[in-house]
Amino acid sequence: MARRALFYVGLVLLLLAVLFPLYWVVVTSFKTTRDAFAIPPVWLFSPTLDNYRTVFANRGFLSAFANSFTISILSSALAVAIGSIAAYGLAQQPAELRRSKEKFILSLRIAPALLFVIPIYYLATRIGALNKHWLLIAAYAFVNVPFAISLLITFFDDIPKELRDAARVDGAREFRVFWHIYLPAARGGIVATLILCVLFTWNEFFVALVLTGRDTQTLPVSITSFLTFQGIQWGALTAAATLIMLPMIVLGVLVQGQIVRGMTLGSVKG
Amino acid sequence: MAQLSIRSVSKSYGAVQVLDDVSVEVEEGSFVVLLGPSGCGKSTLLHAIAGLNPIDSGTIVIGDRNVTKLPARDRDVAMVFQSYALYPTMTVAQNIAFPLKMRGLDRRTSDEKVAGVARLLQIEPLMSRLPRELSGGQRQRVAIGRALVRDPRLFLFDEPLSNLDAALRTELRAEIKRLHQSIRRTMVYVTHDQTEALTLADKIVVLKAGKIEQTGTPLSLYDDPDNAFVAGFIGTPRMNFLKATVADDGKALLAGEARVDITHLATRLENGRAVTLGIRPEHLDEKDGVTLSLSVDVTEHLGSTSYVHGALASGESVVAERREDQPGFGETITLRFQSTRARVFDGEGSRIR
């Protein structure tokens, strides 16, 4: 009984630590500047949409939203497309052949982004690609591919090997086995991987800071424009932050269900 | 003409030789069973025929084509797997139509063929279901349908009944037999279950550790085994093996108190040679002949007959069929057999004829 109580107390503390900052951001975005800085803090106040008006009036923010959207969706789709083919190939290999390749892929995931960003920046300046969307799409796809491979391999491994044998005897070439059998069977895993890649790309700051130009700025970079020399516009900043979080919270809820579904779908015996 | 010729096929995984110079000829329209304990290489051989496993050396000929180097899709074979291997995201109809789709058949012909197979296997009501909504027996029926639909040159079965319960296994076994009789296509069937082998096969190939032990009709393997392995593997309960020595200038064997006449053997054996005498449980219930006395441990009643497990005076354990009476624990009974029923094996287990 006491252990149970302790468990729930711990849970509440943990939830507070995680959720309170989020709550504060969202609440601040509806406050006037005076309420936002009131000491002691005001808990009850009359909400205002002024901050959101400021944000939506900001051209830079809107185009950053569009940039983030395009770049994260396209780069994730590219990463999953490449990753799923690679993962399929790896999943079909005998364990001893696979291991070294999987280690290499893991090492790519561990390597800091800095390692890739500097050479990419150098190359991009030389070919004049710094202010182009495709540069970011390619860079993020590159960063996401190792992640996509290692996640998708687990989904493909759950699919019985006999399915490939059966399809090959039935007359399918390797790509059609992948396309007609493995891809549909791992659908849940594919969607989950795609969403996780989008989440990562959407939130990513460092690569974006280095590689984006004026026209390609993504949200995490653009939001820094509210940190001005005249001071930080807390109201607008928190409103922007809330707007950035919103789609990802929706996706986060989706990904939970998809990952669970993906796992169970894979384990269903043919 | 042979429909399938396997000529000196060998294959090893690292240091393990899984197939060692295996040669099999399969006649057109016949039903051949590859039989052996697990790990004997029978599934590897089947996968090699299908083109799923490359072989190290040897030749595989299907019809008049050397397919050794051809990929599975070009070999014109169909395969049924132990795990059914139905495509989980496709309906039954889509599963059966898949091989036709891969061969680019037009939709109408494909639909007709699928409907024909469904009628033959009586799975019409299941056509729009997904594999996970089917029972094991239904799944295997669908898998057989997927193999049938293409009308291939050669059917391969990889332990198709092993995942089913006993009643269903018997039912589907009979169905496969019926199917073979009605379509008269060449079938190669892998199993470790000798009952399946004996009931289905025109010809059985017994494998052990990657080598062929014997090839022959079910009856010839049962009556006339080449070695102690085949003799022991075919037949339930398995053949009894007794230690024996040659006596009387090679005219008889002494096994415990029994004296077995071997004048019918073509080979003359020297006195004192140690051999093994094999005698099947069903041959130990004769009215007269050589006698052995058995002290009974357990009697299994199977309704129409009984099997008695016990030990001879020498300590060797023996199983004997008993049709008339059912002796209980501790009783001593007399077993009788005709000496022509005895099979003689040398020290290596090879048959002495």
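Placement of Cβ uses the backbone N, Cα and C atoms for every residue, glycine included.
Quick look at what TrEMBL annotates:
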- A:5-26: transmembrane segment (TRANSMEM)
- A:65-255: domain 'ABC transmembrane type-1' (DOMAIN)
- A:69-91: transmembrane segment (TRANSMEM)
- A:103-122: transmembrane segment (TRANSMEM)
- A:134-156: transmembrane segment (TRANSMEM)
- A:177-202: transmembrane segment (TRANSMEM)
- A:232-255: transmembrane segment (TRANSMEM)
Okay, the transmembrane segment (A:5-26) and the transmembrane segment (A:232-255): do they have at least three CB pairs under 8 Å, pairs separated by 6 or more?
yes
Remote residues contacting the transmembrane segment (A:134-156) - C-beta distance under 8 A, at least 6 residues beyond either end:
67, 70-72, 74-76, 78-80, 82-84, 86-88, 90-91, 102, 105-106, 108-109, 113, 116-117, 120, 124, 182, 186, 188-190, 192-193, 196-197, 200-201, 204, 207-208, 211-212, 216, 218, 262, 266
Same chain only, please: residues at least 6 beyond the ends of the transmembrane segment (A:103-122) with a C-beta under 8 Å from a C-beta of the stretch. Say none if there are none.
130, 135, 139, 142-143, 145-147, 149-150, 206-207, 210-211
Other than its close neighbours in sequence, what residues sit by the transmembrane segment (A:177-202), given a CB gap under 8 Å and a spacing of at least six beyond its ends?
68, 71-73, 75-77, 79-80, 83-85, 88, 140, 144, 147-148, 151-152, 154-156, 158-159, 163-164, 167-168, 219, 244, 247-248, 251-252, 254-255, 258-259, 261-266
